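*Asks:* What follows is a single structure, and I will ask about it in a moment.
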C-alpha cells in the first residue's frame, strides 16, 4: 500500500510540473534569477516533486514582468537540480522495491517455516497420543500380569500343599506296603490250593454245561414243534371261522336287502292309502257342505228314497274304508317296529361276532409270541456259546501269562501301591487312581527301584501291556453276564405276564399236565411256556456256576478271599451289591480265612480309615443287583 501511494504522489507531482511549465515558461520574470544570484541560495524543493510552490512563482511573475533569454537559462539550472532529485528519488524507490521484495521472500520463508513447525507439532501431538495409548495398554497388561502372578502364586501354594499331602500319603503307603507283603505270604499258600482245585473243576463244569445246553436245545426243539403244530391248528380254525363269518355276513346282507325292499314297498302303499284317505275326506267334506246348505225359496225337488239309501251306503262304505285304512296303517307301523328290532338284533349279533373274531386274532398273536420268543432264545443260546468260547480263549491266554493265582493277588496289591506312588510326580496320579477305581485289574509285581523315573516308566508300560488282555476278558464277561441276565429276565417276565394268569399257574403247578386241565389251546400254550421257563432257569443256574468257576480260576483270588477294597466298595455303590449265586458260595464268603487272621484285620481297618490310599472299587463280576430289578 505504501509503494502505491508513493507512485501516485510521484505521478501527481509530475503532472503538476508539466502543467506549471506549460503555463509559466514564457512569462518568467527576470528579477527572480537576479534575486537568486545575489542571494546565492537555491530554493527548497518539495518532497512531493522538488518544484517551487505556485504562490511564489505567481508573485514573482506578477512582480517582474516579461521574460528574457537570461531568465530561461537561470530557470534551467533548478530544473536540472530537480531532475537529479527525481533520479535520486527513483533510485531510492527501486531500492525500496528491492527491500520490499526481500521482505516478501523473508515473509514467505517465515510462513513456510511456520507451516513446517505446525506439521511437526501435529506429528508430535499424534506421537504423544499414540504414546498415551501405548502407556494405557501397558498399564492394562501390567494389571493382567499382576493378576496372573497372583493366580500363579495361589496355584503354586496349592500345588505345594498337594505335594506335601502326597508325600505324606507316599510315606503311609510305603508303611502299608510292608504290612501287605507280610499278609501276601499268608494268602499265597491258600491261593495255590484253590487254584489247583478250580483248575480240576473247570473242565468238569464245562462238560456239564455243554450237556445242559444240548438238553435245553432238544427241549426247545420239541417245544417249537408243538407250538408250530398248535399254531397250524389255530390258523386252520381261524380260516374256518373267517369263512363261516363271511357266509353269515352274505346271508345277512341278502336278508337286509330283502327287508329294505319290503320296507320301500310298504312305504309306497302307505303313501297311496294316505292319498285315498285324503280324497275320501275331501268328498265327505263336500257332501257335508251340500247337506248343510239352506233350501232354495223355490220348492226343491224332494229326493227319492232310493237316492237317500244310495248316499247312506256310500257314507258307510267310505267309513269302512277309512277304518280299514287305519287298521292297515297300524299293522304297517307294527311291522316296521318289528323289522327295526330285528335289524338291531342282527347288528348286535354282527358286533359280537366281530368282537369274537378280534379275540381270536389276539389269542393267535399271543400264541405266536412264544414261538418268536423261543426262536430268540435259541439265537441267544448260540451267541452265549460263542461268547463262552471267546472267554475260554482269553482265559487260556491269561493262564499262559499268569501261571499261579498267588502271583495274581500279589500283582493286584502291588498295582494299588504303584497307583498310590504315582501322584508324587504330578497330577497324573489322581487320574490313574480314578482309572484304577473304575476298573481294577491284575498287575505284575512292582520293582524295588520305584523312586527312579526310568524304572517307573518301564514299569507302567509293562502294566499297560498286561492290563489290555485282562480288560478284554473283563469286558467280554461283563457283556456276556449283562446280556444274558437282561434277556432272560425280559423273556421270563413276558411269559409270566401273559393274559389270564394261566401261565403263572402252569409254572407253579407243573407245565402241560396241570395247564391242560384248564381247557383248550390256552392251557397247552401256558404249559409250554412254563416248561420253557423251568428249562431256562436250570440253564441259567448252571451257566452261573460255570462262569463263577471260570472267573475265579482266571482272575479272582477265590470266592472265600475277597479283597479288602471289594468289601468297602460294595457298600458305597448302591447299584452294585455282592449277591452270591449259590448257598455254597455264601458259606465260603462267611468263612473267610483272611478276616479271622490277626495280620489281615489291621489292613482292612487301615483301608476303611484311609479311603484315598489306593482303595479301588473292586467289585466282583457276579455282584450286579439283578434280583431287585426283577422285583421291580
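Placed from the backbone N, Cα and C atoms, the Cβ positions cover glycine too.
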*Asks:* Given the ranges 423-445, 446-468, 469-491, 584-606, which one is assigned the annotation region 'Disordered' in Swiss-Prot?
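*Replies:* That would be 423-445, the stretch labelled region 'Disordered' in Swiss-Prot.
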*Asks:* Give the range, chosen from 530-551, 552-573, that Swiss-Prot lists as region 'Disordered'.
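*Replies:* The range carrying the region 'Disordered' annotation in Swiss-Prot is 552-573.
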*Asks:* Which range, 385-404, 505-524, does Swiss-Prot list as region 'Disordered'?
*Replies:* 505-524
*Asks:* Mean pLDDT across the coiled coil (85-150), rounded to an integer, is what?
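*Replies:* Result for the coiled coil (85-150): average pLDDT 91.
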